[in-house]
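Enquirer: Straight out of TrEMBL:
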type	residues	note
SIGNAL	1-24	signal peptide
DOMAIN	37-129	domain 'Plastocyanin-like'
DOMAIN	137-266	domain 'Plastocyanin-like'
DOMAIN	330-433	domain 'Plastocyanin-like'
Amino acid sequence: MGGRVMLPLLLCLSAAGPPLLVQGGDPYLFFTWNVTYGILINNQFPGPNINSTTNNNIVINVFNYLDVPFLLTWNGIQHRKNSWQDGVLGTNYPIPPKTNYTYRFQVKDQIDSYMYYPVIAMHKAAGGFVPCDDPADDYTILAGDWFSKGHIALKKILDSGRNLGRCDGVHINGKVSKGDGKDEPLFTMEPGKTYKYKICNVRIKTALNIRFQGNNMRLVEMEGSHTMQSIVLVTANQEPMDYYVVASTRFTRQMVTATGIIRYTNGKGVASSKLPPPPTSWAWSLNQFRTFHWNLTTSAARPNPQGSYHYGSINITRTIKLINTAAEISKITLDPIVLNFTYRDFIEIIFENHENAIQSWHLSGYSFFAVAPEKRNNYKLLDAFSRHTIQVFPQSWATILLTFDNCGMWNIRYEIWDRHYLGQQLYVSVLSSAHSLKDEYNMPDDSPLCGIMESMPKPQPCNV
C-alpha cells in the first residue's frame, strides 16, 4: 500500500443491542478514544465500531496524540439541533495536538449504518456498516482506491493547487490481490445459507463497481432506505468452491481491479480465473440508479420532516442550482460560501455536472429525497430514496428535495476528496425566528476555538 493512510471507521446504528449504561430517559454510551499515528484509534485498525440503538446518546472523549490538529466528522448522522458536533471546519475547530475534546450527540430516529472519518490534512479514509435482520452471518467489504504516495505527500500535491490524478490501485479490506487464487479467503459461506454483505466505498476519489463471481447479489438497503427488490444479500447456492469478489474502478480511462476470495465451507476447487465482466458505460450506472425504489412497507425509522411521507405533494419554497465544471477548480476559494434559509423551507437543489467524470455531493445534518436525474415532470415523487449523498453522472444533473427543519450551520461538500480539500464546499445556515432551544442547542462551553475566534464572543444563547 506504500505510504497510503487508510482509516476505516465504523458507526453502526441498529434497532436493538444493549447500551453500556442505562439511565432515566434515553440511554448513554461512553467511549474514550486515543488517536495515534498509523492512524489508529486505541491502537486499532480499522477503528472501533459504535454499536448503538436509535435515540442513544453518544459521548466520545477523543485524545489527539498526533503532532497536528485532528477532526472527526460523523457522515450521515443528522445531529438534530446540534451542528456543533458535526465535525467539519466552519462549525468545529480541530482538536489541537496533545489535547482532547468530548463529542456529545444523539443518534435520533435513525436506523442505518454510517461512517466517521478525519476531515483535515488528508487524514481521511472511511468505512461503513449496514445493519438489518441477521441472516446466517454478516460480512463487511471495505473497497477503495489507494495511492503509492503517503498522506503528507498527497497533501503537498493539493497544497500546490494540483489534483491527485488517477489512483495507483484498488484494495478490498486493505489488501491488494492479483487474482491468482493464492490469497487467504476473506469470507466463508455454508451452502444453502444467505449472507449479508455490508459494502462501502472508502475511496479518496474513485467510483467503484463491486461484483461477485458466479453468485447473485440482492440489494436490500442503501443509506438507511430499504429497496423494493433490486447491505447486499448473497445466497450460497452455487457449486461448492472458491469464488472471487471483484472491485474495479468506474469512469476512469484505465480500469484497475482488485479481488478477494469467498470460500464455500465444503468447497473443492480454486476460483476461476475468468472474472465477471464490469459495466461498460456510465449509462449502465445511470439506468441502474433509475431502478432503485424505496420500499414504503418496510418497518424502519424514516425521515419525517414534513409530517408525512408525501414529499411529492409539498410546494417548493426555493430552488438552488449548483453548477460545476472542470475549469472552476482553479477558482476555488477558501472563503466560505453560506446560503441562508428559513426554518422549514421546502427546498429543491439541482446539481449540474458539465464534466466527463462522475461527481458526488454530501449534505450534513439531513437526509433528502433523490428524485431525479430526470426532467422535473419525471421526478420520483412517491418512492425516491432517502439518503445523504448523491452522485451526479457525467454531462447530467441530479435533483434532491428536502425540508430544512434542522437548525444550524450545515456543510454541502464535494466528496471527491482532492477537490474538497481545495475548498469545493459551501454551507447552509438554517435559522428559526423563535431562537429557542426547542429548535437549536447552544454552542458547548468546551468547544475549541482558534485564530480570531478566540477573542470573539460566542453566539447568543437560545432561550428555553
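A Cβ is built for glycine as well, from the same backbone N, Cα and C atoms used for every other residue.
TrEMBL: automatically predicted annotations, no manual curation.
It should be emphasised that the depicted structure is a prediction, and the values quoted were computed from it without experimental measurement.
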Enquirer: Can you tell me the mean pLDDT for the domain 'Plastocyanin-like' (37-129)?
Expert: 83
Enquirer: Please list, for the domain 'Plastocyanin-like' (37-129), how many residues fall into helix, strand and coil according to DSSP.
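Expert: So the counts come to 3 helix, 36 strand, 54 coil.
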Enquirer: Please spell out the DSSP helix, strand and coil residue counts for the domain 'Plastocyanin-like' (330-433).
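Expert: Helix, strand and coil residues of the domain 'Plastocyanin-like' (330-433) number 10 helix, 53 strand, 41 coil.
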